[in-house]
Amino acid sequence: MGRLLEQISSSRDIRSLTFKQLNELAGEIRQVLINTVSKTGGHLAPNLGVVELTLGLHRVFHSPVDKIIWDVGHQSYVHKLITGRYKEFYTLRQFGGISGFPRPSESVHDAFGTGHSSTSISAALGMAIARDLKGEKYSVVAVIGDGAMTGGIAFEALNHAGHLKCNLIVVLNDNEMSIAQNVGAMSGYLTRLRTDPMYSRGKEEIEQLLRRIPIGSALLRLGERVKDSLKYLVVPGMIFEELGFTYLGPVDGHDLRAITTVLQHARARKGPVLVHVLTKKGKGYSPAESNPDRFHGIGAFDVATGEAVKKSNIPTYTEVFGRTMVKLAREFDNMLAITAAMTGGTGLTEFARLYPKRFFDVGIAEQHAVTLAAGMATGGFRPVVAIYSTFLQRAYDQILHDVCLQNLPVTFAIDRAGIVGEDGATHHGLFDFSYLRPIPNMVIMAPKDENELQHMLYTALSHPGPAAVRYPRSAGTGCRMDDSFKIIPLGRAEVLRDGTEVTLLAVGSMVCLAVKAAEILAGHGIDAAVINARFVKPLDKECILRYARRTREVFTLEENVLQGGFGSAVQELLSSCGERGVSVHCFGIPDSFVEHGNRALLLARYGLTVEQVVRAVLERFAQRRHPKKLKVVSEKA
């Protein structure tokens, strides 16, 4: 395995291979992908589907001189394997290893950092403009999937690129076969005709000639109408032509010769070109071919069977959310569910099956999802927008302007909040407390366990205004689930442990950690109170002030950035109430982007473990009891 792959480190090496060798290389790459992702987890099906396309791109274009931008970037594994990262590929998505997404800091071949959807065409257009302004000569290629083309920013960029007419290539990787019926003799003929240089030159000469004769313009318009009628009938790319692009395709994305030929034609063309490539998600691995959605993003699995390696029998927060939504649908007949191309990812598959008329997958259109929910709310419904924390950032203005300004009853179910692990900086949900907290009318909740999650969702749906419930990407605590729902009083914290010397004020995933830390501190003779804040907004003012005044030492714990987060809210409260004699120590994520790696490892790296919290409290008490002695020790250290 890897006989040819071991010799490949750049586009130059790809160009030296015959087509027979390239097909052999494609087989080697697929085997490496399957074996590696079965251990590390990752996006398998998308990468299996773009092996030949990636080889074709690197055969025609000269990376890193030519720029290849991968939309979302989850399908860039093949690109990484053939650009000098094969030997390190076993570290994929591991801490300190190869990222699962393009990172310019990792390789000069990663022209632009991606992770969120639909950004590639805008970035590629910007790079093409920069190239032209500097008088440089190289190609810029954006590779975007049909799913990502549902994002509004992609069409904004297409519209702008068509207007500017600069040299830009967009490769549409269509792995849904949604336009497969248009692949036929006439479509193939038109593609061959339009990629012929003689056709292009002849077309330009005829247009120039017609414009010189008196009735030429009328004939030209008539000819365009006839041509457009035929193209609408047989060519699936007419929309791109209308946007100002030359459309080439569809082409078989697993035929290396065909891909190479069409990309060569695209490179030779002037102006914006769209190449439509049809691929099969999961190609070459039967479990992924038969169930591409499950293998889109997957954890460790058994290669022989394709079955996931189950790490825990405890349901995840996502699974609990999905089950709760089904139960809530019986309680609230006006409840609707909305997601942005994440039906399975947000746990809504069963809800969608049982309540198809009450479920809406809007595609990769987070802004639309939120304002759609606002419209539904004005019509008397209670929409739940289920979305990952990192993707909700894309709809900030809609949250503020369309939902909160009008105080509409929209519930935001914010999945993947906090550190998500191996997907890294583009996917951690570390900012939602900070970006939601300043918005008037917004209620923000975070459950300590899965039982509290179901009650918070019920509370949010019973609340007359906007509310957000955020929860992590992890298994629950395994706690007992109540049989019936209950409303949690708005802004009411929960005292889990009384104490007189220090207050551990935690929210969400950090509550269990605080309880364990308090138990250890008790063994050291320190009486710690533990408060489950439940709400980041509104805070339980009475409870927080009572314990802050009693203990004078407060430690806040959150899985969010410190700037503007839960700890900041507590400090603001104490300051506004004149409590200047209280020491507040905030645990959370510092002012930095968190890299990829195992969730437990990353939590430890940023001080969010039981042991590190205990150590910090002990050091604080040692400092209070022996301030001079501790100061000497610190200076020596």
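Including glycine, each Cβ sits where the backbone N, Cα and C put it.
According to Swiss-Prot, the feature thiamine diphosphate binding site maps to His74, Gly115, His116, Ser117, Gly147, Ala148, Asn175, Tyr285, Glu366. Per Swiss-Prot, Mg(2+) binding site is recorded for Asp146, Asn175, and the stated evidence type is sequence analysis.
Everything Swiss-Prot records as a feature, shown here on the structure.
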residue: His74; record: thiamine diphosphate binding site; Cβ contacts under 8 Å, 6 or more apart: Gly42, His43, Pro46, Asn47, Gly100, Phe101, Gly297
residue: His116; record: thiamine diphosphate binding site; Cβ contacts under 8 Å, 6 or more apart: Val72, Thr390, Phe391, Arg394, Thr426
residue: Asn175; record: thiamine diphosphate binding site; Cβ contacts under 8 Å, 6 or more apart: Pro46, Gly49, Gly145, Asp146, Gly253, Leu278, Thr279, Lys280, Lys281, Pro292
residue: Glu366; record: thiamine diphosphate binding site; Cβ contacts under 8 Å, 6 or more apart: Ala340, Ile387, Phe391, Leu392, Arg394, Ala395
Asp146, Gly147 as binding-site residues, winner by CB count within 10 A: Gly147
Where Asp146 (Mg(2+) binding site) falls in three-state DSSP terms: coil
